[in-house]
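**Q** First the structure, which I've put down as structure tokens, then a few questions once you've had a look.
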Amino acid sequence: MKMSVVSKKLWSVHKQLVLLLTPLLFLPLLFTLPEKEGKCLYVVVLMAMFWCTEALPLAVTAMLPVCLFPTLGILPSKKVCPQYFLETNFLFLSGLVMASSIEEWGLHRRIALKVLSIVGVKPAWLILGMMMTSSFLSMWLSNTATTAMMLPIANAILESLFGDLETLKQKCKCTEEPEGEIINGQSTSKLHSLPSVPSEKQILSIDGTDGTEQSDTRTAEEIRSESQYQLKVWKGFLICIPYAASIGGTATLTGTAPNLIMIGQLKSYFPDCDLINFGSWFAFAFPLMLLFLFLGWIWIAFLYGGLNTRLCFKRHDRRAQAEARAKAVIDEDYRKLGPINFAEGAISFFFILFAVLLFTRDPKFVTGWSVFFKKGYVSDAVTGVIIVSILFFFPSQKPSLSWWFDPQGSNTPYVPLLSWKKAQDSVPWNIILLLGGGFAMAKGCEESGLASWIGGHLQPLAEVPPAAAVMLITAFLACFTEFASNTATIIIFLPVIAELAIHISVNPLYFMIPATVGCSYAFMLPVSTPPNSIAFASGHLMVKDMVKTGIVMNILGVLSVSLAMNTWGVAMFNLNMYPEWAQSINKSAVVTDVHFSSVQSLNATL
């Protein structure tokens with residue numbers, strides 16, 4: 001049998017082989033390491049392999065601690081199971097439910113079109129508008145949903161600017177005879193990979209013209225050159241949306257799963273640390289997001305042809321005519337949305353209230369409203385659940401007092417802003433299990449002493465200056481998450497990073513925050529994140545496009561995080577000092593080591 005045939009057969013069953021061989025290959029861990037640490041490391045390695053290869057669904061792998069920790073004697077089930085629904089999970093759930101209500105009434109679409117109508121239609125400004133809108137929406141919606149919603153809007157604008165993409169590709173290859181006008185406001189075929197609603201494809205007449213083709217006296221080379229420029233801009237549009245969605249998710253605790261895993265593990269390892277909550281995280285991460293978003297825009301606009309003199313000077317040429325058509329499409333689509341209805345207004349109000357209450361509960365730099373309640377009783381999760389619970393009974397139609405006195409009035413049941421069926425269908429429940437699996441793994445690493453054992457073996461890293469260590473940690477995790485889920489990556493490495501900080505007496509937040517943010521900076525490969533995959537699935541991006549753009553984006557991300565940590569991060573979280581809430585962990589670790597040494601000495605004497 002040929003090797004190619006064998007390799008294809010092996011690849012077709014590679015997941016089953018991983019499931020069978022991984023437990024056997026790592027069996028020596030159970031016998032070569034200290035008993036409890038070895039068993040815990042065995043489970044961690046199994047989960048890491050299954051997560052990275054997706055041999056099992058991510059959520060199923062996340063449930064393995066429920067069966068493996070108790071049976072191997074690492075942790076009793078009564079300690080494992082509660083980790084799957086900590087208060088952090090409720091905060092995340094409330095954010096997902098709020099996002100469902102925003103999507104239900106189309107508020108996200110109104111926001112997107114409004115921003116695009118404000119920034120203008122020149123390619124660089126439109127790329128900026130796309131990135132701003134995508135990043136803002138992904139602060140509250142999932143990164144995947146944001147990308148899936150923004151790509152059809154981008155597609156419609158691009159078709160109004162440049163015509164049909166397939167025709168554009170043909171013109172790029174044109175070398176002999178000039179063809180029709182490059183900027184023809186009307187598409188000749190449909191772009192199947194990025195579906196859009198008909199109103200976004202409609203081309204409006206400008207200045208009394210009907211959008212028909214005009215004579216084109218340009219040479220074939222001029223047509224080809226212009227088409228290549230337009231194709232570059234098209235790629236810039238497609239690539240900027242998933243990148244901005246990944247960047248925007250880092251700005252809020254509920255924006256992406258790694259942020260919540262960090263806060264959950266922080267509470268598990270350092271119960272006395274209360275520095276990180278929704279407000280304080282936003283105060284740190286939002287300026288970082290803006291900085292990285294601006295740098296990313298400069299790079300993408302430069303790479304894909306958007307930075308030129310047209311940004312500052314008006315010209316009356318073919319591009320200007322196409323830009324006018326694109327502006328008309330955006331304005332027309334926004335006009336068709338009509339005025340804000342009662343449901344959209346209500347969702348906007350509760351969305352703003354949701355954000356304001358989370359920011360002001362305990363912002364640290366001023367007294368928050370949580371002081372009106374018993375200390376330590378009200379958390380961000382409580383706030384989130386209160387607001388989203390209202391959505392399930394608040395009416396979507398404006399209540400009318402006259403209805404009660406109108407015998408002819410319609411007696412149809414009222415519709416709330418959000419139904420449980422809609423929430424049930426749109427909330428990705430597997431993410432809740434994934435978060436829980438991360439918390440369970442962290443608890444096992446803590447209770448078994450595995451994290452402390454690994455941290456002790458990383459002592460040589462104490463020689464590396466902390467500022468350099470921040471850059472190394474961020475860069476390493478940003479590269480690792482190119483091949484694995486960002487949630488799985490942070491679950492695997494965060495306990496080790498926390499223990500490393502303790503062993504070299506560095507504020508744990510100084511390492512944990514950049515590690516968490518770095519896990520969201522996966523830009524180089526289509527498989528790195530679902531947003532990247534959605535954009536790549538359009539069929540108009542190549543892997544080399546993402547690698548060429550993404551490698552610089554990764555570098556810019558690492559530099560931005562390092563700058564943030566060593567400037568306003570130091571001031572906000574007092575990172576220059578080793579905190580008291582971490583010293584208590586050190587003392588307990590020392591006591592444990594002394595006790596372990598005493599037992600060993602006693603055994604030797606006996």
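Just so it is clear, glycine is given a Cβ too, placed from its N, Cα and C backbone atoms.
No curator has checked TrEMBL annotations; they are predicted automatically.
Values in this document were obtained by computation on a predicted structure and should not be read as measured data.
Relevant sequence annotations retrieved from TrEMBL are reproduced here:
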TRANSMEM  42-72  transmembrane segment
TRANSMEM  84-102  transmembrane segment
TRANSMEM  122-141  transmembrane segment
TRANSMEM  237-261  transmembrane segment
TRANSMEM  281-305  transmembrane segment
TRANSMEM  342-360  transmembrane segment
TRANSMEM  376-394  transmembrane segment
TRANSMEM  464-497  transmembrane segment
TRANSMEM  509-529  transmembrane segment
TRANSMEM  549-571  transmembrane segment
**Q** Flag the pair the transmembrane segment (342-360) / the transmembrane segment (509-529) as in contact if three or more Cβ pairs fall under 8 Å (sequence separation 6 or more).
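**A** No, the stretches stay apart by this measure.
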**Q** Is the transmembrane segment (464-497) packed against any residues at least 6 beyond its ends, judged by a Cβ distance under 8 Å, and which are they?
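**A** Apart from its flanks, the transmembrane segment (464-497) reaches 44, 47-48, 51-52, 58, 256-258, 261-262, 265, 269, 431, 434-435, 437-438, 441-442, 445-446, 450-451, 454-455, 458, 504, 506, 508, 510-512, 514-522, 524-525, 527-529, 554, 557-559, 561-562, 565-566.
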**Q** Counting Cβ pairs under 8 Å to the transmembrane segment (281-305), which of 42-72, 84-102, 122-141, 509-529, 549-571 comes out on top?
**A** 549-571
